[in-house]
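Trainee: Sharing a structure here in structure tokens format.
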Amino acid sequence: MAKKKSKSKSSSPKPKVSSTAAKPVEIDNQQNIENVQDSPSALQQQSATAEESENTATTATPSEGTTATTESSPVTTSNETDPIELSVLDNADHAIDSNSIKSTEAVLETLDSELNTIADTKTEPPTEQELNPTLAKYMRSCQEGNLTIVKELISSGQVLVNDTFSDEITGLHWACINNRLSLVKFLIANGANPNQLGGELKASPLHWACRNGLVYIVDYLMRNSDADPNLRDAQTYNALHLAVHSSNIMLVIYLLLSCCSTDSVKKVYIDEPDGSNRTALHWASYQNDIFTINALLRFGADVSKVDNSLFIPLHWAFMKGYKSVLKALVEAGSDIYFKNDQNKNSFDIAKDMNCSNTWEKVLIETGRDPKNNWAPLKPWVSAKLGKIITFLTPYFLLPLSFNVLSMGGDQGGFIIPKLILAIGILGGGIYLLNKLIISQYIFDDKKLAKSPILAGVFSATAFWSVLVWLYNILPTTFIHNFFANVIMAILIAIFTWSFFKAMFINPGFVPTPADNNVILSQVAQLIELGKFDTDHFCVNSFVRKPLRSRYSKHNKRLIARFDHSCPWVYNDIGVRNHKIFITFVYSLNMAIFVFLYLSLQYFDKVKDQYDSDDEGEGEGFVCSILGDDMCYGYKNHHFHFNVFMWDLFQCVWVSFLCIVQTFQILKGLTTWEFSSLNKQLQTNRFNHSTVPRDFEAGEGISLDQTQPSDGQHRHNHNEFQTCMNLLGIDQFILTLKMSLKSLFSNTRHGNNNTNYDPLTSLHIPTDHGIKQNWLDFWIIGEEKWRNVFYLPIDGENNLNGKVVDYYTLYSYH
């Protein structure tokens, strides 16, 4: 009997009727923090019971409408039985008298389907929607964005714009949460109250829009109504708190510029606490939202604010333990020793959350000394002096390694052991440099790649090559190879000048307004165009992004017509130094070829007869590969020969770089744009855009002017991939692939017999033909030879034969 009782109860639950109250969706808990008391997620769980009884309407993403069931009816289970069939059961003995339900035994012995049928016959009271179908129609039309019906109902006086059911949710609430901008405009124009509190959370329409990150709705409410961002809902959250909950960085930036500037009309205190004394920075740290954290810190958010659990934002950041988030908070001045109400500091919390290793890396990368109780490290060398030492160190390591290879003179052997020793000296010297010097002024991960060491390697190579040319080659070959030596001298002058010029010149920093009002005006322009997203606004530098620009982590600035970040010149390559960089690369490559040619001429002129019997161990095999001239240099001019071979190796990747850069220039592309071509064939990226579907841009404005993101792309590069990137081989391979596909692809589409060219199938708005692209790169202004030697003063350069300013280039038309 007990088993039967359980079965009957589980199979015939009481129907559950949805209420009419509704509110926006709560933010999701992002981390299980059961062992931490009074977490931010606990505030959301306080309303969990209320959420279960919400309206069947569900909030949707900006691309999906939100609808609600306005007519409630009893819900039946899948075992529902028509009441007419109650009199005709499988067996007449099974007929049920309703009076027998009073008996427990009768209930237990009754068939499940029969109990369901009896339950379904109960009459439910009419809902508010059923009692007032006109208002229900109005609410449903606001949800669906049916402006015609809403206008008809309001103009006819059948409903008032602020009419609600008992939940006090207005039509404006529904229009806001469903991103119906046209409807919001109409309702506000007809007197809708933007501060009406409704739903279980007693939230305003602005709250609903902020919770879902709807920038365009928030902007209209803020600028065209008296919507109050300081109003609090039942959970004590204001508009800024809810914007942070949405994790839409564009909305957070908008509210910071609109409400947290010194001269904001609708002022919001950036560290305004909620009911648990948690600020917006607490919530952003809990969510590990690095973009929001950086934005809040930029506007002066206090990292020392304490909530009711004595948690500072740093403590909440350990819930996920992202290194970038922890690092940003420590660099902003967070107290790593501050203790919460459980008497735990950041080290204890890191241990509890199993991220102690990450925490130690963060402290090291923020300049903390592990040998001194993590106190701030006191560098014994300044950053400027450290960079100079780093740059000059290869000037000593390279000749030392070359001399090791020359040990033994003309009787030398043991080629492989000497090569290993030379590489060990070079690698060991760089390792010590990294530990002793670079670590004193660069605390980030991958210190070597962020230091001027590679620029030093190149300049040291050029320095010793020039010395060899001056003291060995030039005196011997000056007469017989006069023109080659003159060309060599000219090329040395060109690549030396262009190298240092490309290193120290401003690559094209897009000016960043110092006045927040200017930035806000740029944001307003983007909103008007429907382009306020991460493709058109830089969330790192807070400036409107010109086309072809990108944020540089090296200089921490937005670079106009960004090409790439080059460790060999220790600078970014942009609109102002790209021509200089190409001049450097071309002249360097030609200089290497001329140096190799003159070296062979030198060996040929000074070589003497040598007896093969005097060859050292392994030299017979080496000479059989090198030939007479090279073998003479190998046996008699060891340092020169080693420099020759080192330059030959450098020539490989420099040639790759020349090929890739030339190809890209002829196609009207930068390195960054070329790398992004294959991504255009993939699905669209999320760029935090919340443009309403009914948004109407200004006259003549196109919404398709997009560009690759500024890079918040993330790669997990291994050491091999990093090496490929440094040498430019990855770009060469990509160029080779696309070139071969263009030449030999016979892909056919359907019944069309035309060949498919991957280079022409993608839309490249900067490609105006090979000749025009080449002229645009080298010439500024009119197509005259003298203009080839002009460098951009600001961001000017040619595009399709016309001068454009890449600092303010927002459209190709």
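Glycine is treated like the rest: Cβ placed from N, Cα and C.
Taken from Swiss-Prot, the feature topological domain 'Cytoplasmic' covers 1-387, 434-452, 507-579, 664-813, and the record attributes it to sequence analysis. Residues or ranges marked as region 'Disordered' by Swiss-Prot: 1-83. Residues or ranges marked as repeat 'ANK 3' by Swiss-Prot: 201-231. Annotation comment: Swiss-Prot describes 409-412, 474-485, 601-642 as topological domain 'Lumenal'. The domain 'DHHC' annotation in Swiss-Prot covers 536-586, and the record cites sequence analysis as its basis. The active site, S-palmitoyl cysteine intermediate annotation in Swiss-Prot covers Cys566 and is backed by similarity to another entry.
Quick one: where do these features end up spatially?
Mentor: Summed and averaged per residue, pLDDT over the topological domain 'Cytoplasmic' (1-387) gives 77.
Outside the topological domain 'Cytoplasmic' (434-452) by six or more residues, the chain places 361, 364-367, 377, 379-383, 386-387, 389-391, 393, 554, 567, 570, 722, 726 with a CB less than 8 A from a CB of the stretch.
Across the range of the topological domain 'Cytoplasmic' (507-579), the DSSP-based residue counts are 16 helix, 17 strand, 40 coil.
Listed in sequence order, Ala502, Asp572, Ile573, Phe581 are the same-chain residues at least 6 apart in sequence whose CB falls under 8 Å from the CB of Cys566 (active site, S-palmitoyl cysteine intermediate).
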Trainee: Residue counts in helix (H, G, I), strand (E, B) and coil for the topological domain 'Cytoplasmic' (434-452), per DSSP?
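Mentor: Helix (H, G, I), strand (E, B), coil: 9 helix, 0 strand, 10 coil.
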Trainee: Could you pull out which residues elsewhere in the chain have a CB under 8 Å from any CB of the topological domain 'Lumenal' (474-485), counting only those six or more residues past its ends?
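Mentor: 594, 597-598, 601-602, 605-606.
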